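**Q** Pasting a structure below so you can have a look.
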Amino acid sequence: MKVRKMHYPLFSFTEYLSCYIILYFFVFLPNYSYAININNYHNKNNLWNINNKWNNQQSNHFSNNRIGHFLWGSKIRKNPLASISTSITTKKLENQKKKTNKNESYSNVNDKYEHNNNTAHFVQINYKNDQSNDTLSTYKNNNEMTVEGKPNNLASGEGKKEIHNTTQKILEKVDYFKEREKITNSYNNNNNNNKVIVTHDNKNHTNYINKVENKQSDDKIKNLNNKYIKKFKSHILQNDILGTISTMFWSGKKNNNGNVKKGIKNVPMDEKSYSPNDHDNNSNNSNNNNNNDNNNSNNNNNNNNGGKNNSYYNEKTQKGVNDKETNFLLKALDSGKFPTYCLVENIDENLDNFDIYMSKEKMDELNINDGATVLLKGKKKREMLGIARLDRSLKKHYVVISFAMKKNLRLMHNDIIKIHPFMNAKRIRNVVLSPFSDTIPNLSREELEKAVIHPYLKNSYKPLRVNSNIYIYYKNNKIEFKVLKIISEESENEEFGCIGEHSQLTLAEEYLKREDYEENNDDITYEDLGGMKKQLNKIRELIELPLKYPEIFMSIGISAPKGVLMHGIPGTGKTSIAKAIANESNAYCYIINGPEIMSKHIGESEQKLRKIFKKASEKTPCIIFIDEIDSIANKRSKSNNELEKRVVSQLLTLMDGLKKNNNVLVLAATNRPNSIDPALRRFGRFDREIEIPVPDEQGRYEILLTKTKKMKLDPDVNLRKIAKECHGYVGADLAQLCFEAAIQCIKEHIHFLDLDEEDFIEFMKISVDEDKKNMGNEPYGSSHTNNSNYINHLTESSNKLSYTNMFPLNRKNTLLQNDKNEMNKDSSYDKKTDALDNYKNDSTIDMEKKKNKKKSNFFFSNDDEETKNKNKTNVNQKKKKNPNDKLDKNERRIPAYILNKLTIKAKHFQHALNICNPSSLRERQVQIPTVTWNDIGGMNEVKEQLKETILYPLEYKHLYNKFNSNYNKGILLYGPPGCGKTLLAKAIANECKANFISVKGPELLTMWFGESEANVRDLFDKARAASPCIIFFDEIDSLAKERNSNTNNDASDRVINQILTEIDGINEKKTIFIIAATNRPDILDKALTRPGRLDKLIYISLPDLKSRYSIFKAILKNTPLNEDVDIHDMAKRTEGFSGADITNLCQSAVNEAIKETIHLLNIRKKEQEEQRKKNKNSFKIDDTDTYDPVPTLSKKHFDLAFKNARISIQPEDVLKYEKFKEKLSLQDF
């Protein structure tokens, strides 16, 4: 007999499993849900009081304020089901008392609560035994929590005891927060300062925690505190109960993940964390959204503290960093050999001039603190001082720089910047600054010093360097200053210095002129290149990396590339890229223009090449740029010139002779890559060939931005719209477009250049608006805006000066209307350093009048050296001038307020678009037609089919991508002659703003073998370059006849084969449509009309009554008609007429009216002649110009036209097209 163990009679047998399940659903769950509801009810009535002590708790847990808490204690959770039959022991209460006694060790509390995107953060800073060890706890209200003092990933072997202990600790801390709330409130009331400074001994830097200045905002934060503490505790209690129930039958088993327990979702500390020493002020921005009363003050504080706006983060996330492009650089930086090197991740124009943001890891590596002064080194040995700022969101090797650092150090995205700690900045006793004259508005010298320079630099402790530029915003104008001289206590000429309390700020007597001061003003930089980011990054990888860091390739075990070949159509920027790389890479550059190498003497051409390569190998790193390489490296197999063959052979030998990793690289450019000798295009010589394509819409917009950055544009100019209309334009074409727009602007205002000087100035003054006259003599680079609301907004906000809130300047609305009375102040014209008044005294003018007897062009100055020297001596004797005076006789300059009238408007760009064509398509007549849908009457169904086929793929391309479908490539329009097939093709091209290439069928055929096929290839190449483009083949039956016909015309067969190949080669990236028109569809090759080529076949039939009426309306819309003309009746009478026949009818009616008019004028003239002969003295001839005998087109003219009208299409011809249409429909069926 087997004896059973009866220690736990109910919970020991597996046969009672069904009972367990019933107890689980009908006993436990109702109990727990009831406990939770009671708990939520007490929380709503604020029964969870912070004065309740742990030692006052009684054993009846369902009647106390902590409902259900002790029911799930850590001890009982080891056996949760058995806990129902047991009670809480006294030992449990003693343990809780011991844990609460630990809270007495806290000496100070500082709570900071954040609420952003429905997420509550509870932050606690603990100070114990006067130490500055801060601990951080972040909790989320969406069932996510991170436990302070415990690792995030719980080991799988740990039991549920650790979970309950952790939960109890969290509840204790939440209660303690509530209990210490009174202390925090009293502490906040006693502190009147806006900031609390917390010093961390272990981190050696000071952190600022912005306090809320407003009492209302304090109350709001307290309410949020109470609200989210309640939510947080209820979530913890629910998680505890659900976690206990779910692990009831799985005691001791591991979770599948091995790290995460049931009911708790771990959040890594690095994923969402907050630190009080973080200078990122996004939390302040979120608080500002909740507190509308303090928006302005908080925003200013954010900017003064070097914080970044939300726009910076949006821009940073949109741009990102391409890992492929910076792969080599990151490997080099990760190696640890270059600790001072960093990559520029972003250039934020909202930052202060001297702020550079970097990661905590990089600061620790450089041994610098937040707010420390650093020395920054950029390209061409350019240096600048900056202030290091902390940004925890940045990666280790990336930094964010300001706009001033970009300009001073000549940096761009993903460029290398060197950062060094700088400890030798001496206190500045005096610093001399000078603004650039083209950036200052109409400000006096006193206002420039007191209102611009002093508020920004005085007592700012900003580091300065000689010859560095700083940018200050004042009244919506970005004023650029240059540091000319730094004087310290020890030296009169210091290179670096730091502004102190006793530093003096001096404004230079003479303002700087940009054209005189800046060196190499015509140098091309990467900023001047637009629309070619991908190509430029590839070229920089292959050129700058081998030149700057050859050890990277040596460490991998490969040789650096020796040559790069750029090819593309003329005007895309190949030469500009080469010049920019040579200018930016700090390398020697030898430029070889192809024809310069050629010489008539034997051996001299090869000797020139050898000398250049020898010099390049001596001065490394070096770039040899060969422009138009096709002129010296043609294919030797097709060349009959021995000189060209020798030059190509010498170039091959020299490129093979380049040693590995010797920092010499050959860069070549050509627009005919197929004409270069194939031996040059192999690996080891020109390793990589990079095509510089025609820019797309975004690229054209970027090019327009660079080309117009110095132009005075009217606010109505929309560069996005212009870029969208410039299909097929390259960089040179867009430069010409801007030039033509400027010329058109000048023509509008100075079309009277033949006037005398005095008349010219008076005429210009009359043409200027009165309100702009009153603005005075303003700088030439300024522009105006006609938007009164915008001007009023700027005027109101101009009283507030915010220097660190450096928002980007809108170049269209750069000038704020200044005070009109300011120009009348005598002080503004007494200053000898006023850069806008360059008038001479009367004595100098008299001397010049004696010397210069000839009248000169008033656009230029006739000053000689003596006059200029005397002008310098008499500069202090200037007289007051009214800016509205006439043209200065000495300088021959037009007053600035007149020049400000010359602003380029949208209509000027529209005129330039009409006269400019893409340079790649000038060999063919490529234009956007002017025919619109209104010019074509009727055919509404055909118009809709054309829109669906051509317009939809251009405007709704994303929908085709959504359904993974291709658009139709071609359309065949067939029908009787004169029904409007050509007009329809032109109208759809105008509707979608696409380039239109019209090809007459026979013009592609030539007598030379292979030239016809080459013409077809060239046609499609040009269309691809100008995409989106429509190629219209008119009379395609002359090209694409059926190939099995016995015509013995091999050339036509080859042409149609080439056309079929080109149509099949149209890819999705190049949007090209083929429209063909024919009146002989029966003789076309069947391969051309299959789906995938000419997909849609549209029959253009004779117009019906409604269409004929519409055609009459379209033709006669601008013709004066008499009342007796009935268009509807004429539409009925023209049964069987085509569109061309109706046009001919209307033209015949007009001819009849003109014939009648001439006849009546001749009769009147004869009558006047007879009257003159009869009455010689008294008769006066009337003005025949005002006499119009036939003012309108009447019914009788149309009746005469109907007598001579004829029908060009016979009914039997129409039957042929109808039968062909039925044949196609049967085939489709």
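Here the Cβ of each residue, glycine as well, is placed from N, Cα and C on the backbone.
Because the structure is a prediction, the values reported are computed rather than measured.
Quick paste of what Swiss-Prot says about this protein:
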BINDING   568-575, 975-982  ATP binding site
COMPBIAS  252-267  compositional bias 'Low complexity'
COMPBIAS  268-281  compositional bias 'Basic and acidic residues'
COMPBIAS  282-314  compositional bias 'Low complexity'
COMPBIAS  819-837  compositional bias 'Basic and acidic residues'
COMPBIAS  882-892  compositional bias 'Basic and acidic residues'
REGION    252-315  region 'Disordered'
REGION    814-837  region 'Disordered'
REGION    860-892  region 'Disordered'
**Q** Report the same-chain neighbours of PRO977 (ATP binding site): residues 6+ apart in sequence with Cβ closer than 8 Å to its Cβ, ordered by sequence.
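**A** Correct list: ASN1079, SER1138, ALA1140, SER1208, ILE1209.
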**Q** For a quick check of packing: other C-beta atoms within 10 Å of the C-beta of LYS574 (ATP binding site), how many?
**A** 27
**Q** When you measure from the Cβ of THR572 (ATP binding site), how many other Cβ atoms are you left with inside 10 Å?
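**A** Taking all protein chains shown, THR572 (ATP binding site) has 29 Cβ neighbours within 10 Å.
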**Q** What's the most sparsely packed of the binding-site residues PRO570, GLY975, counting other C-beta atoms within 10 A?
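**A** Among the binding-site residues PRO570, GLY975, the lowest count of other Cβ atoms within 10 Å belongs to PRO570.
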**Q** Cβ-Cβ under 8 Å from GLY568 (ATP binding site), same chain, 6 or more residues apart: which ones?
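**A** GLY568 (ATP binding site) has long-range Cβ partners LYS574, ASN671, GLU691, ILE692, PRO693, VAL694.
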**Q** What same-chain residues, at least 6 away in sequence, bring their CB to under 8 Å of the CB of CYS979 (ATP binding site)?
**A** ILE1100, SER1101, LEU1102, PRO1103, SER1138, GLY1139, ALA1140
